[in-house]
Amino acid sequence: MEDYSNLSLKSIPKRTCRIIFRTATILGICTLIVLCSSILHEIIHLDVSSGLMDSDDSQQGIIQPIIESLKSLIALANQILYNVAIIIPLKIDSIETVIFSALKDMHTGSMSNTNCTPGNLLLHDAAYINGINKFLVLKSYNGTPKYGPLLNIPSFIPSATSPNGCTRIPSFSLIKTHWCYTHNVMLGDCLDFTTSNQYLAMGIIQQSAAAFPIFRTMKTIYLSDGINRKSCSVTAIPGGCVLYCYVATRSEKEDYATTDLAELRLAFYYYNDTFIERVISLPNTTGQWATINPAVGSGIYHLGFILFPVYGGLISGTPSYNKQSSRYFIPKHPNITCAGNSSEQAAAARSSYVIRYHSNRLIQSAVLICPLSDMHTARCNLVMFNNSQVMMGAEGRLYVIDNNLYYYQRSSSWWSASLFYRINTDFSKGIPPIIEAQWVPSYQVPRPGVMPCNATSFCPANCITGVYADVWPLNDPEPTSQNALNPNYRFAGAFLRNESNRTNPTFYTASASALLNTTGFNNTNHKAAYTSSTCFKNTGTQKIYCLIIIEMGSSLLGEFQIIPFLRELIP
């Protein structure tokens, strides 16, 4: 029986069809231009002596048919352009959905009667395939999206099973065919360097009998091999998942103090149970970076590359440090007046990247870039963000939405609102020298933090605080001009609604300037930590759903339990 387990979008030759059709169209248009030129040439060189041009009537008799022919040719060219630009791409998307659906039906139907287990194709229900990693409402939408009630779904996230256990650091990645998920299982307590194992799973979205989505786990692997993987980030790729971790042998503070880089590991886990793990060595990092950490949030698969968000500490006096130390980003809140003049504020913003607590390292954000074709080698590169465009390095997440790249950065420094950027770097030409980003102006949502960088802080200061709480953009956040607020931008997720403590997890929808809709739990003092949100659409019913994963405090089994919450989002 044919194996569909490694099915990917690349297996459908839609790009080839588009290239052939567009080439033929261009050739056709060129032919029309040549014909038109030839006709005009003949008109100019008509033989007057022949008597054909002796009267206005005879001239009209010759020119009129030519004009009518030209009109027909122009109309034909316009129709061809319309078909290429609009009709053909829509039909290709429709055909793609039909093919995926047919493959799934075939695999779970008659073929399952022979050698296959029903439902074993790693592919979402057809209703969700084209509603993933898309903007879910129009760019012009300016309404107030609201959440429906919590939907009772079976949890795909296993919890701790002993009072001393702890599950933490969830990472979730969703692509058109399947999802990948991972978290850390700490065996004693919730300290960063406690001995731990790593849980990794992949699965699909299915439609429940109640007509809402459920997350079905198809494969799991529990990495319990004595390797203390930490801060892991996951990325879904065609046919499987990639896990990026560092190996902890000391505390985070000790990691920054030393110049001996911790071991970095990249693991490939495929639906056919293949598991390949490599220790990676990054060029131009030894002696320049004190520590390199996966940024927890999920990475992306883009143009043949696997990209993971990264942060760490640059060593003073090194080329990388010197390159970035003069750069700083200083967003402004229109309703906040900060102390000091502009020069003093700029100096405070520049110094906010260097943290005394972390041995005066410059805390830097970056992207790990690995060609998927080289998964059997350890060839990857680390590319830094331009610090003139992003805040101090922190945990983060990468997104591909409607073929655009975005980056969420945890607000660990003085700016308390969520940080979201458009990545403007072109990866089609290979690995870039630096990552260029454009901030999406927003003054929401806040996160708890210590003074002087608490939830209402918007003035430059030196601190490292906050909590990871990524956002999901519901429509295109593109500003109308550089650093101008987009009044129609809408996003969703969950945050900890407290000035300084990690308590009161709250679901929200927001614009760039205001919280639009919030709903929390009865106990506003309930302990919580990281939150991660992913929204998608059922293209059959046009309903939008948001999966919001929250580290919830537990008083019974472990300090934290990771809970997936599913809600319908009503525009």
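For all residues, glycine too, the Cβ spot is worked out from N, Cα and C.
Here is what Swiss-Prot records for this protein:
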| type | residues | note |
| --- | --- | --- |
| DISULFID | CYS166-CYS190 | disulfide bond |
| DISULFID | CYS180-CYS241 | disulfide bond |
| DISULFID | CYS232-CYS245 | disulfide bond |
| DISULFID | CYS338-CYS459 | disulfide bond |
| DISULFID | CYS370-CYS380 | disulfide bond |
| DISULFID | CYS453-CYS463 | disulfide bond |
| DISULFID | CYS535-CYS546 | disulfide bond |
| CARBOHYD | ASN272 | N-linked glycosylation site |
| CARBOHYD | ASN284 | N-linked glycosylation site |
| CARBOHYD | ASN335 | N-linked glycosylation site |
| CARBOHYD | ASN341 | N-linked glycosylation site |
| CARBOHYD | ASN386 | N-linked glycosylation site |
| CARBOHYD | ASN454 | N-linked glycosylation site |
| CARBOHYD | ASN498 | N-linked glycosylation site |
| CARBOHYD | ASN501 | N-linked glycosylation site |
| CARBOHYD | ASN517 | N-linked glycosylation site |
| CARBOHYD | ASN522 | N-linked glycosylation site |
| REGION | 228-233 | region 'Important for neuraminidase activity' |
| REGION | 228-233 | region 'Involved in neuraminidase activity' |
| REGION | 393-398 | region 'Sialic receptor-binding site' |
| TOPO_DOM | 1-25 | topological domain 'Intravirion' |
| TOPO_DOM | 47-571 | topological domain 'Virion surface' |
| TRANSMEM | 26-46 | transmembrane segment |
In Å, rounded, how far does the Cα of CYS241 (disulfide bond) sit from the Cα of ASN498 (N-linked glycosylation site)?
35
Nearest recorded site to CYS370 (disulfide bond) by CA-CA distance, among recorded positions CYS245, ASN335, ASN454:
CYS245
Counting other Cβ atoms within 10 Å, pick out the least crowded of the glycosylation sites ASN284, ASN341, ASN454, ASN522.
ASN522
Per DSSP, what is the helix/strand/coil residue tally across the region 'Sialic receptor-binding site' (393-398)?
0 helix, 3 strand, 3 coil
Residues in the region 'Involved in neuraminidase activity' (228-233) grouped by DSSP into helix, strand and remaining coil:
0 helix, 5 strand, 1 coil
Looking at the disulfide-bonded residues CYS166, CYS190, CYS232, CYS380, CYS453, which one has the fewest other Cβ atoms within 10 Å of its own Cβ?
CYS190
Out of CYS166, ASN272, ASN284, ASN335, ASN498, which of these recorded positions is nearest ASN454 (N-linked glycosylation site) by C-alpha distance?
ASN498
Let me check the 10 A CB neighbour count of CYS338 (disulfide bond). How many other CB atoms are there?
19
